[in-house]
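Residues or ranges marked as active site, pros-phosphohistidine intermediate by TrEMBL: His115. According to TrEMBL, the feature ATP binding site maps to Lys9, Phe57, Arg85, Thr91, Arg102, Asn112. Taken from TrEMBL, the feature domain 'Nucleoside diphosphate kinase-like' applies to 1-133.
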Amino acid sequence: MDHTFVMVKPDGVARGLIGEIVSRFEQKGFKLIDGKVITISQEIAEQHYREHREKPFFGELVEFITSGPVFAMIWEGKDAVKNARSIIGKTNPSDALPGSIRGDFALQVESNIVHGADSEESAQREIALFFGK
Ligand code: DAT
Ligand code: MG
């Protein structure tokens, strides 16, 4: 079975949306393999978002993701990466369809509630980074 890495970002945790987001993954048919509340260090944040290190928003992105606790998860299911991205919705909530998590709960790209790995390779790397497995 395929696995993917997902996390509720600090804005989602602060707004009390962990249960709602977990529930949507369960309803889709995913199986929760692991999950934990953590506060991400500067070093882990920079590694996690290293593909964006040259982007103008990198500093703010790292500051945001380290600003409070996140809920990190491993989900199992068919085409896990693709199906997780689909229920999460487009990066910019303005483009995310109603019915997707970002479409229903977010307005701004800087605080779009939830992260989902974007490829098999990223999923494996992120699971190793956050769960050491
Ligand atoms: P995703 O989270 O959908 O994989 P991404 O990897 O392109 O999107 O970007 C990572 C995060 O960076 C994204 O969830 C929110 C933030 N971000 C992306 N584009 C941005 C922009 N133009 N301005 C500010 N933040 C942005
Ligand atoms: Mg991404």
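Glycine residues also receive a Cβ, built from the backbone N, Cα and C atoms like all the rest.
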Neighbourhood of Arg102 (ATP binding site), C-beta criterion under 8 angstroms, separation at least six: Ile88, Gly89, Lys90, Thr91, Pro93, Ala96, Asn112, Ile113, Val114
Among Lys9, Thr91, Arg102, the binding-site residues whose C-beta sits under 6 Å from ligand 1: Thr91
Distance, His115 (active site, pros-phosphohistidine intermediate) to Phe57 (ATP binding site) (CA atoms, angstrom): 16
Composition by DSSP (helix, strand, coil) of residues within the domain 'Nucleoside diphosphate kinase-like' (1-133): 60 helix, 28 strand, 45 coil
Binding residues Lys9, Phe57, Arg85, Thr91, Arg102, Asn112 (ATP) - maximum C-alpha distance in whole Å: 21
